[in-house]
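Quick look at what TrEMBL lists:
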- 48-226: domain 'Wntless GOLD' (DOMAIN)
- 227-496: domain 'Wntless-like transmembrane' (DOMAIN)
- 233-253: transmembrane segment (TRANSMEM)
- 265-284: transmembrane segment (TRANSMEM)
- 296-318: transmembrane segment (TRANSMEM)
- 339-359: transmembrane segment (TRANSMEM)
- 379-407: transmembrane segment (TRANSMEM)
- 428-452: transmembrane segment (TRANSMEM)
- 472-493: transmembrane segment (TRANSMEM)
């Protein structure tokens, strides 16, 4: 990486670039905190108990909780006894959204969790490892007076985890159990205006279906969807950042290909990081507004996984390529021990996501956590990924320690150097440490803002200004990693400045050094002053990478931008 812009840029220019990036970073946080609303909204739904008196319930009939064609309702289960209504005739109906409202494609997804209100009865207690089995039908329509169209119909089993804090005596009959919330449904798109859920709890004592689950009084749902206003801000950021990263990526690779040498490993990894950032930036979500693409959540997880795997690999290779005493550099095979855990961990998380959201593409009520085998499998994937992540960070911390230790050792030889060389080497070391600290700062900001977004109420009020903390976290961190990748491709692009024998201010003596203190690469001795050469004689290779020029293939470009003909004539 000798000759990169970061090595030749003055401290003043570096501070200017850093200041500009800092301004964009602040703007990214302010866009989410002041312009965008909260990322998501949670809406509570209480089911309405409808009566389906048809025999055997052969044909599907959609029971509406309210409206002109509302169902025959009962207030509570006790009302069903005098009316001789059986448990199999009761349907819990939920209309999404609430009355006088509509769903929108800008909501992007719908996630529902289930809460059961179960009363304690001495003759109908919840058994150990009880499982409730629900017959769930989901329908949609886009007009308030149109017919419902079935979207999914599944048998949904869920294990009950309930406790009763009071003594189980007749005096405490009617008190509710404290039950954990249950995952219920997830849909990766909101392509329709109205949705309807009909939930049945069929009872079969011979097959022991819904026996020993207590007396269920009510079914409550909590629906979570993305806010439309946040979606528009998020799409706008993606639309703005995509060409920005793409342009700097093309510019970066163009400067790489203009070099007379092939790209080194670190340059390839930085370019791959730019590709992964561009891949995650491409705003394909715009198509979800007009198309019913339920796979967008899974696709988004895959894109994020590719980027973070590439980012973790870059950190390892970045440290390794700056290891001064390391001999196996510039080869990806030399990093298999460090990159291996990243690949294994990423693969485990990918399999876990496919087992969860991949199955939900055909069955929105599926959850891998609802069965013992699924829970054990999911925990196994997560534990293996966690172990790989711990191994990775141990390798990374060790390599960072080695790099700083080697730099400290090299610094002891600085006083014996001339002033020009000492200042140059001190600048290289300073800029390397600066970039390392910026990397740590980005990682720390990600963790800190994530924790803050989890423990706060979602927004802060300063006088008359409301700051959406969660939205600021999403837009700020997303903008931060884009700026990080942008800075890498800009600062590590090859510079047009090279150290030659006719450069002023005594920089010719830098070529006398045998080792580059930043990369540890040996530098060949300088050329003798050029004498007149015959036109048919071949010039020796330059001591520093130079840009190719069209026309005469033996023309070179010096830092002073003078062009020398092989016969000694200056052009």
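In case you wondered, yes, glycine gets a Cβ from its N, Cα and C as well.
Any TrEMBL annotation is an automated prediction that lacks curation.
Put simply, of 233-253, 265-284, 296-318, 339-359, 379-407, the stretch with the most CB pairs closer than 8 A to the transmembrane segment (472-493) is 233-253. Counting Cβ pairs under 8 Å to the transmembrane segment (296-318), the top-ranked stretch among 265-284, 339-359, 379-407 is 265-284. Listed by sequence, the residues of this chain that lie at least six past the ends of the transmembrane segment (233-253) yet keep a Cβ under 8 A from its Cβ atoms are 28, 31-32, 35-36, 270-271, 274-275, 277-278, 281-283, 285-286, 471, 474-475, 478-479, 482, 485-486, 489-490, 492-493. Within its own chain, the transmembrane segment (339-359) is flanked in space by residues 186, 188, 297-298, 301-302, 305, 308-309, 312-313, 316, 332, 366-368, 374, 377-378, 381-382, 384-386, 388-389, 391-392, 395, which lie at least six positions past its ends and keep a Cβ under 8 Å from the stretch.
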